[in-house]
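**Student:** Structure in structure tokens, see below.
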Amino acid sequence: SDVGSQKERVVTKEEWLEKWEMGNIGFHKEQRHPLLQKYLDVLLNGRSGLRIFFPLCGKAVEMKWLADMGHSVVGVEISEQAVKEFFSEHSLPYCEEPVPEISGAKMFQSTSGNISLYCCSIYDLSSSIVGKFDAVWDRGALVAVNPGDRQCYASLMINLVEKNSTYLLVTVSYDPNKHKGPPFYVPESEIKSLFG
Ligand code: SAH
């Protein structure tokens, strides 16, 4: 497939923050993602009390849903506004603390302790800071990463998961010459080479 037109595209941190400020967040859905509902059993694979990671989490409502099931949810999101909206829209009390290993980063944690959202760039995280995960819900994440950063993103994700983890990835399929993205078109062949 010809993805040449998207290969060089860069969306800056400032542009993402501006999308949140302007309310230009068509990617956010109030309803739980139908594919997560459909494949929940695959994600959980009979396990309970999982550590579940939401890369580039926005204010995804599925975080609350999985936390209410007894799992422990960790997200990372560059927009502090998004993180604060998540807690306020679900009426969840939270506390906020700096992350000593990452300059400028903050961690927002629900008072009940089962939802922790890191406000920083995902590229600042490592397993020594956030630990490893049993499951990943990757929707609007790989496809939102700048095409030139995909390799770095995939290597990090591989590092952040336990051996027996499950990873659900949602992508979008369309003609990349007709839309500049994000979401970007990530061909299946590239997904295979990124994640092995
Ligand atoms: N996964 C969410 C949001 C998808 S949109 C959902 O399903 O609704 C992508 C999100 O990634 C935006 O909220 C944007 O602010 C955030 N983002 C972009 N680059 C990032 C980075 N390098 N680190 C962390 N978050 C980032």
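Going from the start of the chain as shown, residues are counted 1 onward.
Quick reminder: no glycine exception, Cβ is built from N, Cα and C everywhere.
The annotation S-adenosyl-L-methionine binding site is assigned in TrEMBL to 16-27, LEU56, GLU77, 121-122, ARG139.
Each of these features: where is it, how hidden is it, and who are its neighbours?
**Tutor:** Around TRP16 (S-adenosyl-L-methionine binding site), taking its Cβ as the centre, 19 other Cβ atoms fall within 10 Å, counting all chains.
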**Student:** In this structure, which of the binding-site residues MET22, ILE25, LEU56, ILE122 has the fewest other Cβ atoms within 10 Å of its Cβ?
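**Tutor:** Lowest Cβ count within 10 Å among the binding-site residues (MET22, ILE25, LEU56, ILE122) is MET22.
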**Student:** Return the count of C-beta atoms lying within 10 angstroms of the C-beta of LYS19 (S-adenosyl-L-methionine binding site), excluding that atom itself.
**Tutor:** 18
